[in-house]
């Protein structure tokens, strides 16, 4: 057995030797991975240069404001269309043309207007009546009524007919609704044709339906945006409640770690149990209700997700998912009950460490602020890059014109030869593009922008991990706690990380960023290959995506432990990663049954906070409870604020628990090194606290006996 253990250690590095001078994180250290530090600085300089170029050429108004046929913005201050915020289409039916999918522009004249039309009028009926002044505002600017009817419609000076419309995303679309099962536009199903007769507008409705089908996703987005505008105040309150609960949980964990862990376990089981009970009650309530037995497959996708809550199958699916989750958690608790006791001891020690370094709970705010800067710079640069193209005008014609799709100049088109060859054609704005070298390099610049975002974001996360690891390692390696704890351990660790190990952090972040950008490119290729029916290509793409996902998870795990070794010993990234990996391999059983159990317990804590806030948000936004009379705002989809509160609560809880998670990982690695360096004698005493020593060494002895029995 001894020979086997010696061979095992030989394969996984040499255990640490006793060193009487070692007292924790080394203060006398030098700079590491300088080359990567220089590369990061050069990349940042290049990133700033890309941002400056993008800001010089880009125009974000192209995203915010709609553009008329002349390429001019609607509603933009300082322009002649400043008081005309809406875009009006002369013939909305043409937006259902396949040309829209190719050119991303409706083949019909478009102008900016002050408001969308609210009545039915034809050009013929309005031309010789007092309604012409109203009708004229929907003609091209500067229109003079000095042409014949055919010439006006041929030249696209005025629309042939006006229909009641409503603005959506600053664009005028027919106001379609249903009355007694009949689709209608506005309040009528007919319109005057100019000769006193009333004609059916079924064709107009059908064309508008096709156009609106293209914009269905946009309508869903607008409704969601409306829900945010009326519920943001209550969403913020829900997130504040989640933050208070997380902070209260952390404080109680500091003083009542053992009790809080068991209370957390019981509460998670109860919350899931209530979810199962609620799903069953909804399932039973819908029994016998008309339409509740329709299957999800038959119903298909619906933009109004509330429809699914009226189906018994939906609640059955929720109940099955929650039941499986409940059974899995209970089984894990039964089989890991002894390991949970050991994990609780580690959490208690982490609580004491956090208690002595309380400012560590505020460090996630620093990480959050730096990540916000990275996201803001990436997003603004991406927007400016995507809007740095030039306006391109093309010839659009419904007829079979050989020149359709060719570029043109709107200023000279009417007097050009193209206009004579295609008399019914229009030269109008098509899209933003360009043929210069800068425009051809835009895709590469966007990829570089995404890569730098991943690199800088991973660097910020690495900086936080090294800082917290250095502070908590100072606590562990203090023989007399907290007397031997250095002053301001968090600030000292932060200064050491930036001064000596910027290159090592950049190295680890670079490796992770390369894997992440490859995953993004694989997702892009997968989207492009979805239309293809090549099953081998799909299988290969799925395998590649799975492999790189696993690789990213492994690199994150290895980086995290490498940063702990960097914080303690000040070695470079490769040496730290190798030492951390071998140390974990020499203690692989403890890693599998102890470190991951604490992660499981922290996950239960996050689920408890998220579940509590989520249930409260559900009852509030569905008007099941009222703080005061009619406080919940009217919503299109009540799941919008509920999901926002749930996701935000998880991120907040994760921010607080990430400090504990880093503390546990640091203490665990320090504990493994402490066992290799010392033996508990007076000459070589352990640095771990007596409480941690009693339960961890007892658990280690049980594991050793189990290994002997197996051998």
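Placed from the backbone N, Cα and C atoms, the Cβ positions cover glycine too.
All TrEMBL annotations are machine predictions without curation.
Note that the structure is a prediction, hence the values are computed from the model and not measured.
For 34-55, 232-252, 259-277, 315-336, 356-379, 452-477, 498-518, 562-585, 597-621, 637-657, the entry in TrEMBL reads transmembrane segment.
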Interface present between the transmembrane segment (597-621) and the transmembrane segment (232-252) (three or more C-beta pairs under 8 A): yes
Any chance the transmembrane segment (34-55) and the transmembrane segment (452-477) have 3 or more Cβ pairs under 8 A, given the pairs are 6 or more apart in sequence? yes
Note: vs the transmembrane segment (259-277), the recorded stretch with the largest number of Cβ pairs under 8 Å from 452-477, 498-518, 597-621, 637-657 is 597-621
Hey, which bits of the same chain come close to the transmembrane segment (597-621), Cβ under 8 Å, at least six residues off its ends? 231, 234, 238, 241-242, 245-246, 249, 261, 264-265, 267-268, 271-272, 274-275, 329, 332, 336, 339-340, 342-344, 346-347, 627, 631-632, 635, 638, 641-642, 645-646, 649-650, 653-654, 657, 660-661, 664
Contact set, same chain, for the transmembrane segment (356-379): CB under 8 Å, 6 or more residues outside the stretch: 51, 247, 250, 449-450, 452-453, 456-457, 460-461, 463-464, 467-468, 471-472, 475, 481-482, 485, 489-490, 655-656, 658-659, 663
